[in-house]
Amino acid sequence: MTLDISKYPTLALANTPEELRLLPKETLPTLCDELRTYLLNSVSQSSGHLASGLGTVELTVALHYVYNTPVDQLIWDVGHQAYPHKILTGRRDQMPTIRQKDGLHPFPWREESEYDTLSVGHSSTSISAGLGMAISAQKEGEGRKVVSVIGDGAITAGMAFEAMNHAGDVHPDMLVILNDNEMSISENVGALNNHLAKVLSGSLYTSIREGGKKVLSGVPPIKELVRRTEEHLKGMVVPGTLFEELGFNYIGPIDGHDVNELVKTLKNMRELKGPQFLHIMTKKGKGYEPAEKDPIGYHAVPKFAPSNNSLPKSSGGKPNFSKIFGDFLCDMAAQDPKLMAITPAMREGSGMVRFSKEYPEQYFDVAIAEQHAVTLATGMAIAGDHPIVAIYSTFLQRGYDQLIHDVAIMDLPVMFAIDRAGLVGADGQTHQGAFDLSFMRCIPNMVIMAPSDENECRQMLYTGHKHTGPSAVRYPRGSGMGTDIEKDFTALEIGKGRIVRKGEKVAILSFGTFLGNALEAAENLNATVADMRFVKPLDEALIRQLAAEHDVLVTLEENAIAGGAGAGVIEFMMQDKIIKPVLNLGLPDRFVPQGTQDELHEDLGLDAKGIEKSINDYLAK
């Protein structure tokens, strides 16, 4: 699938930033229109992130037009909004492959392009990294400029403010751009603020401001009065006082969809010294009405026909694990008014929309603040409530200290509902849930469960909710197996697995939703299969039994082999002096790139055929 570039004559002239900078300024609005249309037509045929990129077209064009990329370093926070950047940096013809196996990476990726300064995927890292680059550039005496682009969601994270606080202290030359598409200050956008932005970033204003500071620097009270007067005058028309207090020169807010005004302002700001902050207002989904009306729905899209003005409806079928969790929350909250559900900005992805509407007083979206989410749950547990933290496996990494220090050490009853455990597919290395078993298994007091199907997931969530200490239930992205779901809740016995198939010689110890693959592989092998259920505590009696009755044990998990469930089995066997060959199957010691889940499982030998082959190869040694 390729798009006919002849239908985009101006875009055809700007395959790289060098070519873009040769275009007359008068052509930039036309370029933006073509780029936006190209993006819509491309993503609708390939699937991928759409609404964010539609909102950053003008900003992307202006940045590459003004800044000498890749010498000047441009950092996109998270990276959802970077599709226009990829199109303008020599990857236009590869866009149909984005998020696909062996295709373009879904986010800016250093290995992919010299224009991708920082590999990203998680939020709120851009200002810290940009500050480091700016400090190094200043130390080396280079004229290199650094720009960090961050959204109004990502800037709420503590890490972003930690970086700005530090930048205000060390005062390097850098620019932070806030891409604001939600805040209530949108009414400030208009001719007055665009004019103010040009004035505040212009050389006359800057020279007067800096000259005045030098003249009055020996008179501290007057210097302070001048500073505060300047802030208050600006604060009358712009909401920049907070960023000024952090040590930034605040400009804006300005219209982020007026490419020529952006170019003027950026040219002025590129020459300024010290930390600069540009606040732009944009509309997520800009230029495609359905995405403007439903930016959340069009954030990440499947293949669709833009002319239909709608996304294809789900075919229904088996419920996904996120829905299983959402239904559990609603059913459990009906019985337990002390249930408190917490999410760090993942309401839709975690299946919590219905719960947030039916139980708004028991629902807490803390924004992108994983550390706070975990310790908030700590406070609720101490107060006698029953908190549940709904979080993706990859994002729990960001709250690890709090998990240990604020939950596990005090043995508090906080349950972690860990979604996207294992390989998530198209989002690649930064989003694979490969490590949660490894980093949780070493924490004292933790109970860790890995369900094999939808009903087991529901009952494990109930088990964790009723447990008197910290617990975690980890489940994968996507649909279940079609298992019948019991409406009634049944608490499982902690640390007990079950044998689901009796065989000979080989026993497969399955942790999680690979159970179906294990059973299929076991048919030709005539192997025993156990659904272990608990990663911690392990069912030690069952391991002893399986070791005594079989020649070889095989552990199977969708987690890194290093430190995972299989490693726990071997540790126990060595401590118990059980000497039997053990084959660990799981994720390898490398970061797994994007692809569909099925493609990745096949590549890694974790589908039924791969499991059977690995076991036969091991037996043949």
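Glycine too: its Cβ is placed from the backbone N, Cα and C atoms.
The thiamine diphosphate binding site annotation in Swiss-Prot covers His80, Gly121, His122, Ser123, Gly153, Ala154, Asn181, Tyr288, Glu370, and the record cites sequence analysis as its basis. Positions annotated as Mg(2+) binding site by Swiss-Prot: Asp152, Asn181.
A distance of 14 Å separates the Cα atom of Asp152 (Mg(2+) binding site) from that of His122 (thiamine diphosphate binding site). Cβ environment of Glu370 (thiamine diphosphate binding site): Pro344, Ile391, Phe395, Leu396, Arg398, Gly399, Gln402 lie under 8 Å away, each six or more residues apart in the same chain.
Spanning the residues His80, Gly121, His122, Ser123, Gly153, Ala154, Asn181, Tyr288, Glu370 that the record associates with binding thiamine diphosphate, the maximal Cα-Cα distance equals 33 Å. The number of other CB atoms found within 10 A of the CB of Asn181 (thiamine diphosphate binding site), across every protein chain shown, is 22. Scoring each of the binding-site residues (His80, His122) by how many neighbouring Cβ atoms lie within 10 Å, the top position goes to His80. Among the listed binding-site residues, namely Asp152, Gly153, the Cβ with the most fellow Cβ atoms inside 10 Å is that of Gly153. Annotation note: His80 (thiamine diphosphate binding site) sits in a helical segment as assigned by DSSP.
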